[in-house]
Amino acid sequence: KKKARVSCSLPEPSWEERLANAVTPLWRLPYQEQLQVKYESQRKILQTLASRLEELGIDAQKPGGLCCPLQPVVPSPIINGYRNKSTFSVNRGPDGNPKTVGLYVGTGKERNIVCVKANHVENIPSKHKQVAQCYEEFICRSPLDSCILFHEGGHWRELVVRTTSRGHTMAIITFHPQQLGQEALATQKALLKEFFTSGPGAVCALTSLYFQESTMTRCSHEQSPYQLLHGAPHIFEELLGLKFRISPDAFFQVNTAGAEVLYQAVGELCQATGDSVLLDICCGTGTIGLSLAHRVSKVIGVEVVEKAIEDAEWNAAFNGISNCEFHSGKAEAVLPQLLASWEDARPLVAVVNPSRAGLHYRVVRAIRNCRSIRRLLYISCKPEGEAMRNFLELCCPPDPLKKLAGEPFAPVLAIPFDMFPHTVHCELVLLFTR
């Protein structure tokens, strides 16, 4: 007799599990095991950097094949619900509802995107989930369609929620105007405001409600202004005893408690003395520079987002900090000018905290060619990406063709900080000296 085949295939994971696996891949692991996984990934990155430096003729191999000593991953003080900013999409859910507010499972390339509610995602706080649920309720009542593909019409798009430890909540709703006139737009804004102030959305107790009309995937305040529909123009956060003002599109570390630990360590690694000048490149709302201002004689911040610089200047004034100056503009335009004419005899320490795209080559070149900078802290959320190119540019031998005349830096210490529990990501602080 033929034996009947026994099927031992595992049951299909639920949509909630699929989303958790996509957004927080380490969610099933105990926290100590998560830290070990991250330590191993950072170790591999430093091994890669060591071998890349060897290819450039630099003897960079340290014990374990690393380019410099690697300290254990510094844990996050908060493990669940730590995010102070969440971005929710609007698209078709597992049940086919085109007005589902959640996060994506699948990819555009594979054309298998499904928008799943984020109620079970560990790193998102309950307040963000509440606002997302209310926004979904609002757009489901609206006669206007959601905007899934720009060219197919529809209006309701993503939602950004920002919260602070002071209990403030900001919601930013992106809307595609399509062919709507000003009167129709005004009607939608009035309905939105009414829903969140006196309707079912009032339970969210929003501090600020913003509306942005946008015909692009992402656009800045300069390209399309954020329109305040209700409440205060800013929310406020406290960090290391200082008060910070946050605008809709200003950069602020996504894990506030983790940022405090990170910035304290940065302060110690800088070894800045009372006569030092701190150069804070990609400074956002000025959090790093302002938190270290009491240790140094002067802070110079550079940031591309104009509104963030306005916040940084307000933050300095509000906290009574008078030894900071902030420059608005692309770092590759501002920094070379700033450093080319640098004649200050005070020691200069640089901290760079760029986006995943890393630093522009002209920024690296300006740092290399400024002899006053002997110590550099590079904070990277994706050190295996474009930041790796920056590390090599900082450490390679002088190259006249690339106009890299300055003495090369060398990596001397690496400390990973777990700013993103349950995910595979880490914030790596690499200390370079020369």
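Glycine is treated like the rest: Cβ placed from N, Cα and C.
Pulled from TrEMBL, these are the features on record:
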ACT_SITE  CYS381  active site, nucleophile
BINDING   GLN253, GLU303, ASN353  S-adenosyl-L-methionine binding site
* Tell me which residues of the chain lie with their Cβ under 8 angstroms from that of CYS381 (active site, nucleophile), as long as they are six or more apart in sequence? -> ARG356, MET419, HIS425, CYS426, GLU427, LEU428
* Spatial neighbours of GLN253 (S-adenosyl-L-methionine binding site) that are distant in sequence (at least 6 apart) but have CB under 8 A -> ALA259, LEU262, THR287, MET419
* Counting only other Cβ atoms and using a 10 Å cut-off, which of the binding-site residues GLU303, ASN353 scores lowest? -> ASN353
* Asked: For the recorded S-adenosyl-L-methionine site formed by GLN253, GLU303, ASN353, which further same-chain residues have Cβ atoms within 8 Å of the site's Cβ center?
  -> PHE251, PHE252, CYS282, CYS283, GLY284, THR285, THR287, ILE288, ILE379
* To do: State, in Å as a whole number, the widest CA to CA span among the S-adenosyl-L-methionine-binding residues GLN253, GLU303, ASN353 given in the record.
  => 15
